[in-house]
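Please read the structure below before turning to the comments.
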Amino acid sequence: MRAAHTEAQVRDAEAALASTLADGALMQRAATGLAYAVLGLLGGAYGRRVVLLVGSGANGGDALHAGALLARRGVAVEAVLLSEAVHAEGLAALRAAGGRDRGWDGTGPRRLPDVVVDGIVGIGGRPGLKPDAAAALAAYAPEDDTGARPVQVVAVDVPSGVEVDTGRLPDGAHVRADLTVTFGTHKVAHLVDPASPACGAVHLVDIGLGPHLPPADVVALQADDVAALLPRPGRAAHKYTRGVVGVRAGSGRYPGAGLLAVAGAASGLAGMVRYVGDPTVLDRVREAHPEVVGVGRVQSWTVGSGGDNRAGAALRAALADEVPLVVDAEALRHLDAPVRAEDGSSVPAVLTPHAGELASLLGVERADVEADQLAYARRAAQRYDTVVLLKGPHSLVAHPDGRVRVNTTGPSWLATAGAGDVLAGLVGALLATGLDPFDAAAVGSWLHGAAATYASQGGPIVASDVADAVGEVVRSLLA
Ligand SMILES: NC(=O)C1=CN([C@@H]2O[C@H](COP(=O)(O)OP(=O)(O)OC[C@H]3O[C@@H](n4cnc5c(N)ncnc54)[C@H](O)[C@@H]3O)[C@@H](O)[C@H]2O)[C@@H](O)CC1
Ligand SMILES: Nc1ncnc2c1ncn2[C@@H]1O[C@H](COP(=O)(O)OP(=O)(O)O)[C@@H](O)[C@H]1O
Ligand SMILES: [K+]
């Protein structure tokens with residue numbers, strides 16, 4: 001499990017740990033990890049040039065101490081001091097190691113460095129960059145019109161300027177890193193969009209914080225977590241004990257969505273798949289998936305993918321069964337908040353909106369959702385009193401109690417028509433096996449992204465390729 005903590009949680013844990021250690025020991029651990037990560041990126045020390053952009057706080061202190069270590073190894077290190085008052089010990093260490101420093105006077109370098117280290121601000125930073133910091137960054141790590149850069153940027157702890165606890169980007173400038181070296185635990189911005197791409201690759205340095213950290217509200221499941229949650233048929237299993245998933249999706253207008261939702265549901269994880277809906281879709285489903293049967297009892301429903309104006313009726317019919325369900329696409333438009341069965345009892349559900357659909361659910365603009373995904377996913381989970389899977393490059397699975405699981409699997413090629421239908425069927429199948437909605441949504445989303453990676457191999461895919469690859473991903477997890 002990759003855990004992401006907030007600034008306040010990190011500060012409390014750091015205070016508890018620091019009280020057991022000599023002064024400055026924590027910063028030394030952080031700076032040493034940072035320096036070795038930079039050395040790795042440089043591929044050597046002699047003849048390499050590193051510039052440190054240094055702000056007023058401990059983040060700048062980390063950069064200066066790491067710079068001292070790099071200078072002792074033979075790297076040419078120059079610190080650009082963006083504040084009158086930078087970390088004094090760090091600056092003394094850099095100078096003693098032979099590193100140079102200068103203030104920012106608006107003039108850039110004669111020759112660009114190999115790496116720029118962003119020690120402008122860390123978890124104590126306010127969003128955005130001051131004009132001096134933005135100008136120094138542009139001078140030392142210039143970008144062309146396409147955003148390409150000849151210089152690699154390494155962020156200390158977080159890319160300066162991003163909102164650490166929310167994953168939001170500021171209105172103004174922020175650092176865009178190739179590598180972020182963070183300490184003790186991940187921060188929310190490392191996982192959550194739109195901030196996470198600004199971090200580049202994220203490298204975690206162990207500084208001994210672990211025992212002092214509380215359970216994280218924001219986590220990302222890893223392969224071993226998913227493997228542990230996967231349903232496995234017992235020796236005495238039969239198709240009904242493994243769970244039956246029903247699919248009410250597709251329509252005369254969008255028959256393919258019905259087929260794709262069935263393809264996701266027919267991943268082999270549940271014992272049986274039923275299709276209920278448009279007769280022309282049913283014929284095509286039977287042709288493509290001879291194992292799929294019609295009306296009968298189910299342990300879960302997937303409703304709405306590619307639906308038409310009958311999606312509301314399909315949703316009501318599914319809710320009446322009072323089994324867990326996935327509510328996708330068209331069916332989302334017919335939901336009441338909170339999600340309840342007709343008799344008012346709560347029904348375990350997973351809503352699977354993309355940003356546009358989540359915006360409609362909450363009566364806000366799509367751009368607002370995209371800018372503040374964590375907050376809106378949580379708000380929807382609370383308002384609908386159910387698990388919400390907000391789909392995107394890093395999908396979020398939000399629980400009404402505030403916990404969030406971020407899914408980091410899946411290539412950009414997964415942004416292809418019908419991929420969401422496959423996901424809805426897959427999560428429905430996992431619900432049928434007995435996983436609770438929070439686990440089913442997180443496991444389904446992880447498998448879906450991993451299957452896309454497996455099918456893509458770095459190239460284009462279509463939605464049915466993703467469904468076809470789920471079995472292979474499950475097999476490799478179980479091996
Ligand atoms: N908390 C921890 O566990 C550890 C923290 N360390 C480092 O300490 C950092 C936190 O240090 P600090 O609390 O000193 O805070 P920061 O270094 O993140 O920044 C705070 C300073 O920057 C100024 N500032 C705030 N926003 C600004 C902006 N937008 N532009 C320019 N200046 C701005 C503030 O006035 C303050 O002086 C962490 O990110 C990490 O790099 C590590 O040394 C070791 C372990
Ligand atoms: N840029 C991206 N990178 C990775 N995965 C993505 C990206 N954009 C979308 N996805 C994933 O692709 C799927 C698209 O689903 P959806 O938006 O419902 O499309 P459709 O309705 O065409 O099926 C979701 O699982 C989503 O998480
Ligand atoms: K930083």
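Positions of Cβ are set from backbone N, Cα and C atoms, glycine also.
So that you can see what the record holds, here are the features copied from TrEMBL:
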- 58-62, 122-128, ASP157, ALA257, GLY306, HIS354, ASP421: (6S)-NADPHX binding site (BINDING)
- ASN59, ASP118, SER160: K(+) binding site (BINDING)
- LYS391, GLY392, PRO393, HIS394, SER395, GLY420: AMP binding site (BINDING)
- 1-215: domain 'YjeF N-terminal' (DOMAIN)
- 222-477: domain 'YjeF C-terminal' (DOMAIN)
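The Cα of SER395 (AMP binding site) lies closest to that of ASP157, out of the binding-site residues ALA58, ASN59, GLY61, ASP118, ASP157. With a cut-off of 6 Å between Cβ and the nearest atom of ligand 3, the binding-site residues ASN59, ASP118, ARG126, HIS394, SER395 reduce to ASN59, ASP118. In the predicted structure, the domain 'YjeF C-terminal' (222-477) carries a mean pLDDT of 97. Highlighted here are the binding-site residues (ASP118, ILE123, ASP157, LYS391, SER395) whose C-beta falls below 6 Å from ligand 1: ILE123, ASP157, in sequence order.
Under 6 Å, Cβ to nearest atom of ligand 2: this is the test, and of the binding-site residues SER160, HIS354, PRO393, GLY420 it is passed by HIS354, PRO393, GLY420. Cβ neighbours of SER160 (K(+) binding site) (same chain, under 8 Å, six or more residues apart in sequence): GLY55, ASN59, ASP118, ILE120, VAL121, GLY122, GLY125, LEU129, ALA133, HIS174, VAL175.
Between the C-alpha atoms of HIS354 ((6S)-NADPHX binding site) and LYS391 (AMP binding site), the distance comes to 5 Å. Considering only the binding-site residues GLY392, PRO393, HIS394, GLY420, the residue whose Cα is spatially closest to the Cα of ALA58 ((6S)-NADPHX binding site) is HIS394.
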